[in-house]
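What TrEMBL lists as transmembrane segment is 56-82, 94-112, 132-153, 160-177, 197-218, 260-283, 295-313, 325-344, 350-369.
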Amino acid sequence: MCRVVEKRVLMTPFSPLLTFSLLLSSLQYSAVDSNPLSVYVMHPFWNSVVKVMPRWLAPNLITFTGFMFLVFNFLMLSFYDYHFDASAEGYTHVPSWVWVTAGLFNFLAYTLDGVDGKQARRTNSSTPLGELFDHGLDSWACVFFVATVYSIFGRGPSGVGVATLYYILWVVLFSFILSHWEKYNTGILFLPWGYDISQVTISIVYIFTAMVGVETWYEPIWWNFHYRDLFTFMILGELPLVRLLFSEASRNNTLKHSSIYEAFLPFLSPVLLCLLSSVWVIFSPSGILQQQPRVFYLMVGTAFANVTCKLIVCQMSNTRCQPLSWLLVPMATVVLLAVTGLVANETLLIYVWTAIVILTHIHYGVSVVSTHTHTLQYKSQKTLYLALITVGNYLFQS
């Protein structure tokens with residue numbers, strides 16, 4: 001009950017951005033998907049969906065469209081439930097049509113994320129940039145998915161506290177990066193079961209909430225066990241333990257990195273990011289997480305996506321992961337300014353810093369695409385030049 005999905009893409013050993021796009025050698029991308037829901041239900045469904053898509057539809061456009069559905073859900077719930085209290089008793093609840101829209105958009109995003117790779121193989125347009133684009137947007141989507149789902153229960157007496165949700169978010173983020181850390185060390189991406197199960201379940205929960213109302217979630221399932229606890233348990237189930245695959249690779253001495261230090265190097269920046277953001281949460285003079293939870297989650301999720309994308313680039317190119325992401329240096333300064341009270345207006349500080357993090361991450365993505373495009377143009381010109389020289393030599397010798 002395990003299927004290995006493989007596709008051929010071109011890749012080279014590289015230094016951070018430039019070499020990623022040189023495309024001089026081949027890399028075989030391998031992903032193990034053993035989830036029965038995915039193998040027996042979703043993949044057959046996605047195979048049917050991709051057949052009706054026009055061949056001119058670019059796979060990267062499919063990926064981006066799916067991602068934007070999640071961003072739209074986040075923005076829509078930000079409008080109706082900015083502080084995550086709309087589902088609590090005594091507050092104006094989110095309209096039913098919003099939950100229906102969120103359910104449909106979440107399932108559409110999940111579906112498009114499943115068919116983009118199939119469309120690439122169908123049109124013979126698989127590229128390393130497409131793989132990076134897909135996984136990079138997936139890393140950023142984690143925060144939009146978690147924050148949107150949070151609005152179902154909210155922060156009221158029957159909901160989940162914003163601090164609890166903060167640590168749940170970190171569970172999801174580390175669950176995501178753990179899969180790519182595993183591939184960094186073993187060359188195989190193990191797709192976690194929790195992703196498919198959670199996406200289908202949450203899409204249904206959105207629709208169900210629209211039909212029965214958020215008041216349904218107030219009641220306990222059994223004794224003092226509430227639906228919020230089930231939600232928390234489901235999210236915590238996303239965190240994989242150390243993989244059997246990693247253990248086997250270690251025993252067989254087939255890991256890419258022989259030393260423990262090199263193997264765990266990709267965790268340094270994510271752990272430092274977690275520590276810095278947690279220090280801000282714990283020692284904030286104004287209780288920034290209580291005051292601006294949505295913006296704080298967005299800042300953390302975006303900074304994490306930036307760190308993760310750099311790991312994905314190194315993992316794809318078989319290069320050494322850099323120990324420290326430079327983004328953490330100014331963040332350490334921002335946290336210091338906040339917790340020491342040197343900046344009195346923490347709300348303004350978190351808004352400005354979040355905007356900087358988002359723009360930095362977008363700039364990084366644009367730089368990767370630009371470097372990749374320019375390198376392809378250079379290679380095309382070089383190939384044409386070499387071909388002309390070869391033809392010229394042949395005619396001269398004749």
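Going from the start of the chain as shown, residues are counted 1 onward.
Each residue, glycine too, has its Cβ placed from N, Cα and C.
Because TrEMBL annotations are produced automatically, they should be read as predictions rather than curated entries.
Remote same-chain residues near the transmembrane segment (350-369) are listed as 17, 20, 129, 132-133, 136, 140, 288, 292, 295-296, 298-299, 302-303, 305-306, 309, 313, 327, 330-331, 334, 338 (criterion: CB distance under 8 Å, separation of at least six residues from the stretch ends). Long-range contacts of the transmembrane segment (325-344) within the same chain: residues 269, 272-273, 276-277, 279-280, 283-285, 288, 303, 306-307, 310, 350, 353, 356-357, 360, each at least 6 residues beyond the stretch ends and with a Cβ under 8 Å from a Cβ of the stretch.
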